[in-house]
Amino acid sequence: MVKLESPVIVLNFKTYSQAVGEKAVEMAKICEEVAAQGIDIVVAPQIPDIYRVASRVNIPVFSQHVDGAGAGSFTGHITAEALRGSGSAGSIINHSERRLNIADIDAAVQKAHESELITILCTNNVNTTAACAALSPDFVAIEPPQLIGSGIPVSKADPGIVTDSVKAVKQISPGVRVLCGAGISKGEDLKAAIELGSEGVLLASGIIKAKDPRAAMQDLIKLI
Ligand code: G3P
């Protein structure tokens, strides 16, 4: 299992047309270039692009989703075993744009860990953060859905949700690490997120939709 050192930056490609197919490889190569400056950057392309991206870069490639299904008759499910074999080092689970119920989340986390995939469990408030921490993922990522894509960073708009989430996680599962996301795009947003106690950020539009993603990534890491 790859070791992610704080601060961790997770770039979620979502289904943005700027980061699909060969453009996903180009975006991942930009992240690889910036990561060479000594920071752990994870990329999360669409599932069909995982193998293509993982074969062309040396930074961790995560899936945007994994199911709790195992081998057998589970048509259309995404298994942890197949993701591992495609070169995934981990998976985001329960993103607000790909919500699961608690039983499916628990199954997905367990199957992911059986295949040595690192798990980032997304939550939307302090209560769900506390509940998800009890499922022992590697990371919990607090992301208020109303700020996603807004360009208004959670570290500025709602710092309390980050500090309270960190507190809740440390009370329930001290070994679980906390990320935050939504509206993060600049170096000051990342610095603020770290000062609030998180170990890194999840982000998407601020980089993927930037005129110059390389410059946007450089700006993101300039203060750490
Ligand atoms: O997974 C991170 C994502 O939901 C945040 O989106 O566009 O606000 O950076 P964005």
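Backbone N, Cα and C atoms are what each Cβ position is placed from, and that goes for glycine too.
Unlike curated records, TrEMBL annotations are generated automatically.
In the three-state DSSP classification, HIS95 (active site, electrophile) falls within coil. When Cβ atoms from all protein chains are considered, those within 10 Å of HIS95 (active site, electrophile) total 22, not counting its own. According to TrEMBL, the active site, electrophile annotation covers HIS95.
Taken from TrEMBL, the feature active site, proton acceptor covers GLU143. Taking Cβ-Cβ distances under 8 Å and a sequence gap of 6 or more within the same chain, the neighbours of GLU143 (active site, proton acceptor) are HIS95, SER96, CYS122, THR123, ASN124, VAL154, CYS180, GLY181, ALA182, LEU202. Under the three-state DSSP scheme, GLU143 (active site, proton acceptor) falls in the coil class.
Residue density at PHE13 (substrate binding site): 22 other Cβ atoms are found within 10 A of its Cβ, drawing on all protein chains shown. The substrate binding site annotation in TrEMBL covers ASN12, PHE13, LYS14, ILE148, GLY183, ALA204, SER205.
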Item to check | Where ASN12 (substrate binding site) falls in three-state DSSP terms | outcome: strand
